[in-house]
Amino acid sequence: MGDRSVDEATVGCSDDAETRSCPGDLRSDHSSKPTRSKWSHMRQASQGVPPRHMEKALRRKEFQLPPQQHEIIEREMTVLTEESQCGIGKYRPRWLQWLGKQFPMIVLLCVYCSIQGLIVNGLVPSAISSIERRFKFSTSHMGRIVQFYDFGYVLFCIPVSYFGGRHSKPAVLAAGLACMALGSLIFSLPHVMSDSYSASQSNMSYGTCSIESFLQNDMTSPIALAQTACQSEREIQHAATNFYFYLFCFAHFLHGIGATPLFTIGVSYIDENVGTAKSSLFVGIFYSFAVFGPAIGFLGASVSLQYHTDFWHLPPEQILKVSSGETDPTWVGAWWLSFIVASFVGFVAVVPLASLPKVLPASLKFHRTRLHDAAVANRRRTPECCGMPGSNKTAALNSDAPLPEQASLLYSSIPARGSGPLWYKIWLDVRHIPIAIYRILTNWLFMIITLAMAIDSLVVTGASSFMSKYLERQFSVRPSKANLLIGCVMVPMAGLGCMVTGGIVNHFRLNSSKMLKFAIGLIFLSLLFSPMYLIYCPHAPLVGVDSEYPEFDGSIPDYHNETYSKDPELVNTCNKQCTCDPSEYRPVCAELDDGRQFTYYSPCYAGCTESYSASLKEYTQCSCVPNNTKNHPRIVKKGVCEPQCTELLWFLLLFAPLSFCTFAVAVPIISVILRTVDYNERSFALGIQWIMIRVIGTIPAPVVFGWMFDVSCIKYQSDSCGSSVS
């Protein structure tokens, strides 16, 4: 009888290979034959699926359970069947049942994932430069705003992943999407609540030297006028700036809360409803949309930033008085427009996502097999993974030995487990959280993988958050063009990497060991492309800041080959007759006949006495500009000088495979994590993992990289009140 029970317990598996990779589904017996001992819990947890040559042998017999255990399983399946209907609450009409399939499920989750990526990794990074100029924030301030996304994620990750994984997962996912959409709407409110940006910009001199002709005394100079109203303006602006800063932080905090269930509950919801054999493929598709979302965000931002932030309520003539175009450093695009559109799309997708069933009808066979295998293996198996009400034992206590007369799947029905007052149910859930955390933190393989991902995210998050600004600084590209390049190069390659690695893992049926080796190989491959950050375009020298003023005959000192005894100054003999405001930074470019380019701080410091010609798009009669400029002598064009180099192309050619390899690591790593923890602890384990990644990697990354941008400034622009802006 003992030999027969061992053999039958070993072969009592389902014909579907997809359901046999759950850790703990089968249990080895040391008294069995050596060939049977290979098919053990540890081998199953590490390799995911049984060897192909054992499948036929495993299907020869089917263990016959006692009638009492059959009755318990059927009772469990009845509840699961009821919860497999689509709808919200008790409203489950027949016309809504088409959502209960794998395709609508993955589409809705991908929409959620795309909206998260669009807002957090697309719109926010692309709006950093515009928000800095609009509200006079430093890059460090923007880094702190970006941090609040991780604060919200970390604070709500444990309760959401623990309680949400034990109850209705679609409802929790829909609540997260609603929170994400609300945060996006609040993020755009500072534009609506603040005064017009064009009205706050000074347009008295338009940056030219001609203002000196009607200045009669020092009290009517631009600097004196600005300093007169400085104190009252500073108090008002400081209070408003602080309010907008906290409003941005709160909105991004809501983004973090809304993203919490996406990569914890969402991943486990996919895994338990598509089967383990297809899990890597579907998770790869899911993560690829987390990257395609930012692509949509960058492309949308590249379009919206071409319109001025006040285009909705001000005529173009008034806007052109203070901002002539994107090349003007004071230009602020319509950064807020994309956030409103993303918020609308998010609210529309909330209802279909909340209507998804707790268990897909097609996955009922997977759960029946798991229940059957759990009974055969003499282990308790609760349906918490399916979003059903949990028992008084969590996954962390599955190792407790059950009573002999109760050593079956479950000895009580689901309604009995769900009885009792609400505080008692909450207590049954909460009291085992420390035990579950201890079990996860003492899983050494889980911890090593998590620490590696955290260090990787430190670099990836910081670089991706400020990549748009990096392109603006290093290659002198316009904000809209920088976002367009990121949306067309980095994001599609990253999404393609997630899809390709998911297909490779699914096609070759890689076990956990091979998936780890595959991920390590991708990381080392990405290191080969990291020297791309040494590529940059040399900038035209900024006259008066890092270069002396040129002579009238065109003999311009070479800054790179000559050491100056003193630092260059903005005021020179050629512009000392002008009353120029150092807070008015409006760069202009002078291009000489020999191809050399020089950028001047403003038309006033270039000594331009004539007003700007909109038809010719240039300033004329500039006393500080040499005579040998192109087309006409002593003319400058508005904006910084565009670099004449091809280094940007080489940078993008190396940047594309780097993005592919860096983001492709996520799919095999997540697949390994799902196989190294207990089946019922997957959502909670992913939550713990993301907390460690946020604390070690993504929370300090924006501040560190923002500080690096601030300290790299050669000269800080000072406004009329004396404060500095990078």
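Quick reminder: no glycine exception, Cβ is built from N, Cα and C everywhere.
Noted in TrEMBL for the protein shown:
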- 1-53: region 'Disordered' (REGION)
- 103-124: transmembrane segment (TRANSMEM)
- 144-164: transmembrane segment (TRANSMEM)
- 171-193: transmembrane segment (TRANSMEM)
- 243-269: transmembrane segment (TRANSMEM)
- 281-305: transmembrane segment (TRANSMEM)
- 334-356: transmembrane segment (TRANSMEM)
- 441-464: transmembrane segment (TRANSMEM)
- 484-506: transmembrane segment (TRANSMEM)
- 518-536: transmembrane segment (TRANSMEM)
- 568-623: domain 'Kazal-like' (DOMAIN)
- 648-674: transmembrane segment (TRANSMEM)
- 686-709: transmembrane segment (TRANSMEM)
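Here the transmembrane segment (441-464) does not lie next to the transmembrane segment (171-193) in space: the count of CB pairs under 8 Å, restricted to residues six or more apart, is fewer than 3. Counting residues of the domain 'Kazal-like' (568-623) by DSSP class, helix then strand then coil, yields 0 helix, 14 strand, 42 coil.
A mean pLDDT of 83 is what the model gives for the domain 'Kazal-like' (568-623). When each of the listed stretches 243-269, 334-356, 518-536, 648-674, 686-709 is scored by C-beta pairs under 8 angstroms to the transmembrane segment (171-193), 243-269 comes out highest. Same-chain residues lying 6 or more positions outside the transmembrane segment (648-674) and placing a CB less than 8 Å from one of its CB atoms are 267-268, 271, 279-280, 283-284, 287, 291, 446, 449, 453, 456, 460, 471, 475, 477, 485, 489-491, 493-498, 500-502, 505, 510, 512, 515-516, 518-519, 522-523, 525-526, 529-532, 535-537, 682, 685-686, 689. Using a cut-off of 8 Å between Cβ atoms, the transmembrane segment (243-269) and the transmembrane segment (334-356) share fewer than three residue pairs, counting only pairs 6 or more apart in sequence.
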